[in-house]
Amino acid sequence: MTTFTTRDGTQIYYKDWGSGQPIVFSHGWPLNADSWESQMIFLAAQGYRVIAHDRRGHGRSSQPWSGNDMDTYADDLAQLIEHLDLRDAVLFGFSTGGGEVARYIGRHGTARVAKAGLISAVPPLMLKTEANPGGLPMEVFDGIRQASLADRSQLYKDLASGPFFGFNQPGAKSSAGMVDWFWLQGMAAGHKNAYDCIKAFSETDFTEDLKKIDVPTLVVHGDADQVVPIEASGIASAALVKGSTLKIYSGAPHGLTDTHKDQLNADLLAFIKG
């Protein structure tokens, strides 16, 4: 396995395919780099170098007790980019990974970044507050935590067979393969790491990070996203990132990297080339 070690001694697994302009992918919760394989295979075949890492505590990376927070995730990404000495990189983040990309730019700037993309991403803020009335109430995230402690294997099955891919919608055609794929990745994450990450993706406010993004940015979101509702996320983020492009996928669920992979791949390629 290909890994590098962060300054705090955490081993981070990553895959690095192809050659050309580097495209870096940050994955969602509780998944890992494998969740981006459709996009990676497609873009590598188009002449790009594609890189994706397993966030600390997820997949094949180390499972440290501490450091399961967005600042550390962003710093891990920065160290990966520095380790590989990437320049002119395009950063794509899905769901929690979109927060990681935003926080990376907020903390480390865009000296090594050419463009960015937020896909079904959690910014600006998932949690409902007085300043963010369109967010989700704390009870939603407390429920996820409780379900994780009670039977996280079943939680991942329920998420994947229900709202994540939109399989709970009338007329939806479920895929047992997608459900198994989500579950397999989720169960590879450390339980403590995945548990802590719920707080990281739900309570981190990325508003100021988004305002610091000064490179061309693509925001992609499904208008049927039941996990990260579009109004308080994709639409709000696009309004905060100066000059961003918002693409709304009609009827698309949260997990559109799988359900709408061909459409997304084409849009990512056009954005990179544009």
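The backbone N, Cα and C atoms fix where each Cβ goes, and this holds for glycine too.
Now, the feature entries from Swiss-Prot:
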type: DOMAIN; residues: 22-254; note: domain 'AB hydrolase-1'
type: ACT_SITE; residues: S95; note: active site
type: ACT_SITE; residues: D225; note: active site
type: ACT_SITE; residues: H254; note: active site
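Features per Swiss-Prot, on structure.
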residue: S95; record: active site; DSSP class: coil
residue: D225; record: active site; DSSP class: coil
residue: H254; record: active site; DSSP class: coil
Rounded Cα distance in angstrom between H254 (active site) and D225 (active site) is 5
Rank the active-site residues S95, D225, H254 by the number of other Cβ atoms within 10 Å of each Cβ and report the first-ranked residue.
-> S95
C-alpha spacing of D225 (active site) relative to S95 (active site), in angstrom = 11
